[in-house]
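Read through the structure below, which is laid out as structure tokens, and then see the notes.
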């Protein structure tokens, strides 16, 4: 009975992806450094910022963040026996424009402005949001619709990798939604324009989601250890 129980625990861990909290922390840290370095380069090297140059700044941020996200998350692909690292990278690259389209349509449906003046802003914002939400799942899950459903539809998170993907993605979307609240107010401030405050909200939510996934991972591992003892 003891051996059977032990085998069941191992199976659950494998199906959720073998990933320790320390590796999760390191992965999130690298993605966070990529995000911070992109803003540092924008301000100190290219002399642009999100408020005065939203389209140019967003373009630089996603161009730096996307490769970091793809290279990191491709390491944790669930189908390692059937899929190579390069294939996971290719899935992330393919998922980037798909996720951008979904994010753009969602933003427009919720009231984001349309027109030639906002096209570059919406395009680059959507690509950054895709890096936060769609690309990590594309790298890890590939075309496994079951995993996509468990993570984003039913929110049934089995392993640490699922927390690693789900919480930052949900955090970015929720943060973007809250960030949009000041836009219709008649304060007439530059940072109220699309998608400046929405971007700040998405980044904050993304970082909070990262922190949350680390906390959940640590709690899950400690709980399993106590249950095993």
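Quick reminder: no glycine exception, Cβ is built from N, Cα and C everywhere.
Annotation comment: TrEMBL describes 24-48, 60-76, 88-111, 123-145, 157-178, 198-219 as transmembrane segment.
Of the candidate ranges 24-48, 88-111, 123-145, 198-219, 198-219 has the most C-beta pairs within less than 8 angstroms of the transmembrane segment (157-178). It is 88-111 that, among the stretches 24-48, 60-76, 88-111, 198-219, forms the most Cβ pairs under 8 Å with the transmembrane segment (123-145). Only pairs six or more apart in sequence are counted, and the transmembrane segment (198-219) with the transmembrane segment (24-48) gives three or more Cβ pairs under 8 Å, enough to call it a contact. Sequence-distant neighbours of the transmembrane segment (88-111) (same chain, 6+ residues past either end, Cβ-Cβ under 8 Å): 66, 69-71, 73-74, 77, 122-123, 125-127, 129-131, 133-140, 142, 176-177, 180, 195, 198.
Sequence-distant contacts of the transmembrane segment (24-48) (same chain, six or more residues past either end, CB-CB distance under 8 Å): 56-57, 60-61, 63-65, 68-69, 72-73, 75-76, 160, 163-164, 168, 203, 207, 210, 213-214, 217.
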